[in-house]
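Okay, so here's the structure we're looking at.
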Amino acid sequence: MGLRMSESAKPYFAMVCLQFGYAGMNLVTKTVLDRGMSHYVLVAYRNAFATAAIAPFALLSERKVRSKMTFPIFMRIFLLALLGPVIDQNLYYIGLKLTSPTFSSAVSNIVPAITIILATLFRMEKVEMRKVRCLVKVMGTLVTVVGSILMIFYKGPFINFFRSHLTAASSPPTADYLKAAVFLLLASLSWASFFVLQAATLKKYSAHLSMSTMVCFMGTLQSLALAFVMEHNPSALNIGFDMNLLASAYAGIMSSSIAYYVQGLMMQRKGPVFVTAFNPLIVVIVSIMSFFVLGQGIYLGGVIGVVVLMVGVYAVLWGKHVDDDGEETRHEDNVVAVKCCSGNNGLTIMPKIDEADEEDVETGKATSEKESSVPEVVVVVFCSENVHSVSRPN
């Protein structure tokens, strides 16, 4: 039981750790952007480091299981590189430079809501409002949005927890806030689209390490082309062994290569809604780290927003947990227990009969449609004393 609980907790632990990595990336990149580093150059180097970090593992571990590359899959990977490494990262860095890590991560909490909408439209997530679990997921997502809005538009009085000498930080101009909000909302839309497309692509190309490598490599090429066009000066791509290089390496290795790998694994197991449900934790972590590391003050609106955010995140995760339990229960119900005496060699096929079929058998009035359909069966092969069972779906 303990081992089983440990296995079930691994996805949650992995996603929480990932949010700490994203929070650190916010603080480090904010520092280098304020010092004058171009976000186009930062994105290009970030994806170059990500490619170099993840490519060896993909080449060694997936050389025998790598799926065949087709043109439709290649175009999906190209689009993934455009949505994630290029559009999302550049727009997010613009918003981050204009405001603060807390504000940027707060606006990005709209990602789970957009992901649920897109996943529902593409039939990757079922939303049945008559069921409590689905209603809780939707309401939890809306609550996270409300918490983000509180953190963005309501500051309230300054809170000095330890009676320190921290003072309320000066706010950027309103025009910068509005401009940053637009860029961050567009980045969130691109990021949510990336998650949904990644989940769909993994069903066609299951080698997630190889796919992450190709996404990072494509993103590097696209980002370099964009940097050359926007900077108008090739020397802008030159960086030394300084904070700029450290920020690029950290963002590339932690927030791109490792993040894409972990997200890909969780996407295959839990789906895009589960992955994005943890995004609101970033603003909580960033707020705490900004207070202790950067010396930025905390306001009452931020504290209230964090509490509301946590309630929303818990509601969404509870709904997903109930969904997962329901899927496991339905899977177990599809397995038919077969009891036979040892020593009977041969092949036994037993169809699964539901309640409606039982009534038809009893009355002898089974319809022709039921006769033409292929029932789910369990094939049991008896060879000496060994029993092997194979479940075949409809």
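Keep in mind that glycine also has a Cβ here, set from the backbone N, Cα and C atoms.
Features of the protein shown, as given by Swiss-Prot:
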- 22-147: domain 'EamA 1' (DOMAIN)
- 189-317: domain 'EamA 2' (DOMAIN)
- 13-33: transmembrane segment (TRANSMEM)
- 40-60: transmembrane segment (TRANSMEM)
- 67-87: transmembrane segment (TRANSMEM)
- 102-122: transmembrane segment (TRANSMEM)
- 142-162: transmembrane segment (TRANSMEM)
- 180-200: transmembrane segment (TRANSMEM)
- 209-229: transmembrane segment (TRANSMEM)
- 245-265: transmembrane segment (TRANSMEM)
- 273-293: transmembrane segment (TRANSMEM)
- 298-318: transmembrane segment (TRANSMEM)
Which listed range (13-33, 40-60, 102-122, 180-200, 273-293) shows the maximal number of Cβ pairs under 8 Å with respect to the transmembrane segment (67-87)? 180-200
Can you tell me which parts of the same chain pack against the transmembrane segment (245-265), counting only residues 6+ beyond its ends and a CB-CB cutoff under 8 A? 14-15, 18, 21-22, 24-25, 28-29, 31-32, 37, 42, 45-54, 85, 195, 198, 202, 208-209, 211-212, 215-216, 239, 275
Honestly, do the transmembrane segment (209-229) and the transmembrane segment (40-60) touch, with at least three Cβ pairs under 8 Å and pairs 6 or more apart in sequence? yes
Within the domain 'EamA 2' (189-317), residues counted as helix, strand or coil by DSSP: 110 helix, 2 strand, 17 coil
Just to confirm my parser: what is the rounded mean pLDDT across the domain 'EamA 2' (189-317)? 87
What residues in the same chain, six or more past the boundaries of the transmembrane segment (180-200), come closer than 8 Å to it by Cβ-Cβ distance? 76, 79-80, 83-84, 87-89, 91-92, 94-96, 98-99, 103-104, 107-108, 110-111, 114-115, 118-119, 122, 124, 152, 172, 263-264, 267, 271-272, 275-276
DSSP puts the residues of the domain 'EamA 1' (22-147) at 101 helix, 0 strand, 25 coil
